[in-house]
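J.: Below: one structure in structure tokens.
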């Protein structure tokens, strides 16, 4: 099976350069376009990575709106929006970003040492709960199948999750990841909508798996911070791309389509 760890699209606090862990920062217009590109890219790779069987997202809107785009793209790829290729996503509070305490909403570099930020131990506890109650049972069932599980969350907490995965399962080639930073919060880079792709596979007989448990599941990192889906995407100028996305506003595509239909109707009257 494949596991895709995905960071959310660009948020308004990303653009403003603010510490935004527990803050429920919304996506920018550009972030929504990134998410749509991401969704289309993942949906187009179904023949390679298999169908998405489970989709988990942080319960902060910048993450679950990014996950929404994946669900929508997979439905369209199937040709029938009413038929769910992917299951409805599950919002997981334990996948929220690190809480920066009193530094939430402050400019980068303005943090104080005693701001009450969440500890690495607290983040690991949250991730262990997610693994124990959600991800590990799925891996045990699907590790031998051509299927995919997607987790959409945030840069720091995704690295905590990655470390936990590398400690629970047998890593085939972790050296390119761990390096000299293995003791910090930072392990792999995470651009907005960057994707880390891992393959998990069962090794050994059923009896040996019963005896050794998770040690017989190997994990191999195939891609790190993959942003191929963003090639050619440029941010709209004039501050529009960096503005908060408003779902009530008409998109440029819908405007152009409406204008085109209007011209066709007027031409028909002539």
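Just so it is clear, glycine is given a Cβ too, placed from its N, Cα and C backbone atoms.
So TrEMBL lists the following for this protein:
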- 7, 8, 9, 10, 11, 12, 13, 14, 62: substrate binding site (BINDING)
- 101-114: compositional bias 'Basic and acidic residues' (COMPBIAS)
- 101-121: region 'Disordered' (REGION)
J.: Can you tell me whether DSSP puts residue 62 (substrate binding site) in helix, strand or coil?
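T.: Assignment for residue 62 (substrate binding site) reads helix.
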J.: Near residue 62 (substrate binding site), which residues of its chain come within a Cβ-Cβ distance under 8 Å, counting only those 6 or more away in sequence?
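T.: Those within reach of residue 62 (substrate binding site), by Cβ under 8 Å and sequence separation of 6 or more, are 8, 9, 11, 24, 25, 26, 27, 31.
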J.: Looking only at the compositional bias 'Basic and acidic residues' (101-114), how are its residues distributed among DSSP helix, strand and coil?
T.: 3 helix, 1 strand, 10 coil
J.: Identify which of the binding-site residues 11, 13 has its Cβ surrounded by the largest number of other Cβ atoms within 10 Å, counting every protein chain shown.
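T.: Answer returned by the neighbour count: 11.
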J.: Please report the three-state DSSP label of residue 9 (substrate binding site).
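T.: Note: residue 9 (substrate binding site) is coil by DSSP, not helix or strand.
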